[in-house]
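Per Swiss-Prot, the features are:
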type	residues	note
BINDING	S14, R54, H55, T185	phosphate binding site
BINDING	M184, D208, Y209, D210	substrate binding site
SITE	S167	site 'Important for substrate specificity'
SITE	A219	site 'Important for substrate specificity'
Amino acid sequence: MTVNMAYIGIIGGSGLYDLMPESTKKVIETPFGNPSDAVEIGEVNGVEVAFLPRHGKKHTIPPHKVNYRANIWALHELGVERIIGLNAVGSLREDYKPGEIVIPDQYIDFTKRRDLTFYDGPQVYHISEADPFCPEMNSILYDTARNLKIPVHNSGTYITIEGPRFSTRAESKMFRQFADIIGMTLVPEVSLAGELALCYSVIASITDYDVWSTKPVDAREVMNIMKQNDHKVRDILFNALPLIKKERKCSCSLRLDNAKM
């Protein structure tokens, strides 16, 4: 039975815990196993939200081991209809600079061995992913960042690689031909949200130029810039959440219409 606790879910890193000084933990069991951690229900700027740390509270789950199906299902069980994913990404363009924010509008799946669907049979659905992100939330997140004077790009193609390793230089140069940013955690999170007719948008914070640049990607450097970006992401969320209404005027809720075979 669905327990209506929050209509907005946030999936991201542990740096967001201080947004909710008081929260209630919900341990959710799903048909797909355990989520990354307990879901924290709390209030952010007057809005009830459900927060789930994608890699676990202590960041012990690598990107290719995240149980994306359980995470999305758990939020859905709590009554969440809109999800904001928080992602650290590398830049594949010189004009998309470390420290800046991207609100992506397209993605490319370059993962290899993840559970990609809720519908493995006997029910079969083929959802459209022509426009995978919620236009309503994308617009709110972009406008909020602009109003806060945070450097932000309102479009971008996000390529998701399997991880946990970073790209080779040859791979990175290839990816530059058809994507703008690169990361390890968007897919299948975004398409699974679509399979449950949920709204989904991403705040992607650029931590580095990918290895196509002259300097190789360094995990420690990425973490340092991530910490610097945390306050920008928190500011965007704090100001954007009250603008995201429960009533959905987008078409995300219709994603399953005519999708069943």
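The backbone N, Cα and C atoms fix where each Cβ goes, glycine too.
Ranking the recorded sites S167, A219 by other CB atoms within 10 A of the CB puts A219 at the bottom. Note on proximity: of the recorded positions S167, M184, Y209, D210, A219, the one nearest H55 (phosphate binding site) is M184, by Cα distance. Here T185 (phosphate binding site) comes close to R54, P63, V66, G85, N87, T160: these same-chain residues lie at least six apart in sequence, with C-beta atoms under 8 angstroms from its C-beta. Fewest other C-beta atoms within 10 angstroms, among the binding-site residues D208, D210, are seen around D208.
The substrate-binding residues named in the record, M184, D208, Y209, D210, extend over a maximum Cα to Cα distance of 15 Å. When the Cα of S167 (site 'Important for substrate specificity') is compared against those of the binding-site residues M184, D208, Y209, D210, the shortest separation belongs to D210. The two recorded residues, Y209 (substrate binding site) and A219 (site 'Important for substrate specificity'), show a Cα separation of 12 Å.
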